[in-house]
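Chemist: Take this structure first; my questions come after.
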Amino acid sequence: MTKPIVAIVGRPNVGKSTIFNRIVGERVSIVEDTPGVTRDRIYSSGEWLTHDFNIIDTGGIEIGDAPFQTQIRAQAEIAIDEAYVIIFMVNVREGLTQSDEMVAQILYKSKKPVVLAVNKVDNMEMRTDVYDFYSLGFGEPYPISGSHGLGLGDLLDAVVSHFGEEEEDPYDEDTIRLSIIGRPNVGKSSLVNAILGEDRVIVSNVAGTTRDAIDTEYSYDGQDYVLIDTAGMRKKGKVYESTEKYSVLRALKAIERSNVVLVVIDAEQGIIEQDKRVAGYAHEQGKAVVIVVNKWDTVEKDSKTMKKFEDEVRKEFQFLDYAQIAFVSAKERTRLRTLFPYINEASENHKKRVQSSTLNEVVTGAISMNPTPTDKGRRLNVFYATQVAIEPPTFVVFVNDVELMHFSYKRYLENQIRAAFGFEGTPIHIIARKRN
């Protein structure tokens, strides 16, 4: 299921980033009393009562030719376009301004639900000034204090009241849901078209659960797939060309709905920092991953070229050490058949379950080969392990003291579990828990 999206919008220096950090529970946005500090959209997730949602902090929109204002406004308008609900923030201390009214005009045109938050209401005496903002036309203003955390409960109650009921997944559980991500110009749309032209049977174009996303269903060699949000990959236009301006949020939503994510990189240009950042979105969400090296036809080769490039990928994407690597040319439609076995295996392993008895045999054997660590005379005791979830496979290891389970030993156990059961293509999570 895709989570509802909440965008925080307003002019500069009204406290958007402070409220964002309050909602997500950690300091993700930079907070300074300088207009324009948050130029790009910042993404995170939040929860309130029984509702999970994604939230975006945007840069401040203002009148005039301030530095980066064109970029900031474009970013904010994209966030508004993608949001289910908008928190429109104003500042009680400065009162209603022309910039507030300009932001209001943008929000009227969006026709989205808007919750008006009046920030910096730090005491009861200031509440009377809140009513000046009724003139903006968004109903009752919610007085809040970002610095003190006051009023956030009422504000979030109003926000989640606009969330609709969760939509049912329209696809069979055996259907593999694929998303294709990568920085601009690595050939994502070309890969989509190449895949759809490779011995495929297009069943239909159906509306996805994300607003205005188009998912494409197809079959290959007896397996059903759905390519998530093919419209998003093909969308063009001066604002939408840039990953930083449009497709980051769209990619996050597509990843969220996927089983398997194809991370596309450009063989001709090599790996850059942005590739790792984009791939990190899939890893953080615990999705199965296949790394696709596209434009392989453009590389001069000898017998060692592929191995050298694979070594470089492994070095740069160490956090994706479980992912298999496919070398393809979408333009020439070559080597595409190598993709599907990797996709299928990654999907199967993402859903794999291991019997507790077999798992504990492996864990016991691992401990006998490499005894558990000690700290200040205390040894880590591992009592037993069990698998508690799939997608991704998640294991709980019951121990005498969680603090004694160092990262290095947890990694060792993960490697032993992988050696025994495979799990190619998928992350696995190991959680240490104290036995009662």
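Cβ coordinates come from backbone N, Cα and C, glycine included.
According to Swiss-Prot:
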BINDING   10-17, 57-61, 119-122  GTP 1 binding site
BINDING   182-189, 229-233, 294-297  GTP 2 binding site
DOMAIN    4-167  domain 'EngA-type G 1'
DOMAIN    176-351  domain 'EngA-type G 2'
DOMAIN    352-436  domain 'KH-like'
Chemist: Would you report the average pLDDT that the model assigns to the domain 'KH-like' (352-436)?
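Modeler: Taking every residue of the domain 'KH-like' (352-436) together, the mean pLDDT is 93.
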Chemist: Among the binding-site residues K16, K188, whose Cβ has the fewest other Cβ atoms within 10 Å?
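Modeler: K188, out of the binding-site residues K16, K188, has the fewest neighbouring Cβ atoms within 10 Å.
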Chemist: Enter the number of other CB atoms within 10 angstroms of the CB of V121 (GTP 1 binding site).
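Modeler: Result for V121 (GTP 1 binding site): 25 neighbouring Cβ atoms inside 10 Å.
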Chemist: In whole Å, note down how far the CA of W296 (GTP 2 binding site) lies from the CA of I61 (GTP 1 binding site).
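Modeler: That separation, Cα to Cα, works out to 43 Å.
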Chemist: On a C-alpha basis, identify the one among G10, K16, T58, V121 that is nearest to K188 (GTP 2 binding site); the candidates are the binding-site residues.
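Modeler: When the Cα distances are compared, T58 comes out closest.
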Chemist: For T58 (GTP 1 binding site), what is the secondary structure by DSSP, using just helix, strand and coil?
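Modeler: Note: T58 (GTP 1 binding site) is coil by DSSP, not helix or strand.
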Chemist: Compare the Cα of G182 (GTP 2 binding site) against each of the binding-site residues G10, N13, K16, T58, V121 and report the nearest.
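Modeler: It is T58, whose Cα lies nearest.
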Chemist: By DSSP, what is the split of the domain 'KH-like' (352-436) into helix, strand and coil residues?
Modeler: 32 helix, 24 strand, 29 coil
Chemist: Around the C-beta of G182 (GTP 2 binding site), how many further C-beta atoms are within 10 angstroms, looking at every protein chain?
Modeler: 24
